[in-house]
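Structure first, commentary second.
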Amino acid sequence: MKSTSKIYTDKDSNLDVIKGKRIAVLGYGSQGRAWAQNLRDSGLNVVVGLEREGKSWELAKSDGIIPLHTKDAVKDADIIIFLVPDMVQRTLWLESVQPYMKKGADLVFAHGFNIHYKLIEPPKDSDVYMIAPKGPGPTVREYYKAGGGVPALVAIQQDVSGTALQKALAIAKGIGATRAGVIPTTFKEETETDLFGEQVILVGGIMELMKAAFETLVEEGYQPEVAYFETINELKMLVDLVYEKGITGMLKAVSDTAKYGGMTVGKFVINEDVRKRMKEALQRIKSGKFAEEWVEEYGRGMPTVVNGLSQVQNSLEEKIGNQLKDLIQKGKPKS
């Protein structure tokens, strides 16, 4: 089992490496807004590249950030940061970035999908690197303003200049990540582990586990309201404990009955067959099969996603959850 021996912090990074360089942040959504403001507040020269003059354009202006059309933002940029959704990046690259960017400009990503699966093939004379914050954009901004930072991953795909890592760490410092710590990785590792986590636990796994547990109780005649509390609603409390204190801390916080039941039945439910299917899911990611399917799905208008979302919205557990929201919120203390 490999483990990194190096975590980069403020002392390993220097903003002077990119001072005076023009940075174009493409996109002004959750991450784009946070990055642009943090980099600006770190004393760097930042513009935002957008495809049209809409709400994001006006929001950037109100935040004191200069918005430009993408092709205008990249033509003079030394560093181009892609912070638009994965499936928009290839089209944006082909139509609005590649034809207009200046020779040798750096290409920066927050997720490795498009580079790893070769949907974007960068010029040979560009440094290509990634800084991937391990938190949503609003948290990246909130922590920065409070003097902290969200941890991040850093990876170098192309190092033509010989200074790609130094520039990547400077960007990481500019958004506040080095205040916490930046862990080195590769585009391959970040992409494959990110997709795996989303599919088998964070979105896919936990969603299906909650659904299966809820439906099992309801099918056996238990009230759906009670089933919802026991299989879905209480999950937040346990996840919060794991987040704050680790798995050991969570186990120490629950009852002895819960500990014994969890340690015995948990392995019965998540057994070797499940682990085998997890490995199969990982192989689909590593082979590129998932990426191929997702690109095709996206091109067809995402029918699987649309139909799946509709099924979830119309499910019994969702209806019960919506009915219980007022009850759940009623007991929360006023802040």
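Quick reminder: no glycine exception, Cβ is built from N, Cα and C everywhere.
Here Swiss-Prot flags HIS111 as active site. The NADP(+) binding site annotation in Swiss-Prot covers TYR28, GLY29, SER30, GLN31, SER56, ASP86, MET87, VAL88, GLN89, GLY137. Here Swiss-Prot flags ASP194, GLU198 as Mg(2+) 1 binding site. What Swiss-Prot lists as Mg(2+) 2 binding site is ASP194, GLU230, GLU234. What Swiss-Prot lists as substrate binding site is SER255, and the listing cites sequence analysis. Residues annotated as domain 'KARI N-terminal Rossmann' in Swiss-Prot, with sequence analysis given as evidence: 5-185. The domain 'KARI C-terminal knotted' annotation in Swiss-Prot covers 186-331, and the record cites sequence analysis as its basis.
Features as recorded by Swiss-Prot, highlighted on the structure.
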| residue | record | DSSP class |
| --- | --- | --- |
| TYR28 | NADP(+) binding site | coil |
| SER56 | NADP(+) binding site | helix |
| MET87 | NADP(+) binding site | helix |
| HIS111 | active site | coil |
| ASP194 | Mg(2+) 1 binding site | helix |
| GLU230 | Mg(2+) 2 binding site | helix |
| SER255 | substrate binding site | coil |
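When the Cα atoms are compared, TYR28 (NADP(+) binding site) and SER255 (substrate binding site) turn out to be 45 Å apart.
Per-site Cβ counts within 10 Å over the binding-site residues SER30, SER56, GLN89, SER255 peak at GLN89.
Counted over all residue pairs in TYR28, GLY29, SER30, GLN31, SER56, ASP86, MET87, VAL88, GLN89, GLY137, the record's binders of NADP(+), the longest Cα to Cα distance measures 19 angstrom. Residue pair GLU198 (Mg(2+) 1 binding site) / the residue listed as 'active site' shows a Cα separation of 13 Å.
Closest in space to SER56 (NADP(+) binding site), of the recorded positions given as HIS111, ASP194, GLU230, GLU234, SER255, is HIS111, taking the CA atom of each residue.
In this model, the domain 'KARI C-terminal knotted' (186-331) carries an average pLDDT of 96. In this structure the alpha carbons, written CA, of SER30 (NADP(+) binding site) and ASP194 (Mg(2+) 1 binding site) are 18 Å apart. A Cα-Cα distance of 15 Å separates GLU230 (Mg(2+) 2 binding site) from SER255 (substrate binding site).
Every protein chain shown contributes to the tally, and the Cβ of GLU234 (Mg(2+) 2 binding site) ends up with 11 other Cβ atoms within 10 Å. In this view, TYR28 (NADP(+) binding site) is surrounded by 28 other Cβ atoms within 10 Å of its Cβ, with every protein chain counted. If you measure from the Cα atom of GLU234 (Mg(2+) 2 binding site) to that of the residue listed as 'substrate binding site', you get 14 Å.
A gap of 18 Å separates the Cα atoms of GLN89 (NADP(+) binding site) and ASP194 (Mg(2+) 1 binding site). When the binding-site residues MET87, ASP194, SER255 are screened for a C-alpha within 10 angstroms of the C-alpha of HIS111 (active site), the residues that qualify, in sequence order, are ASP194.
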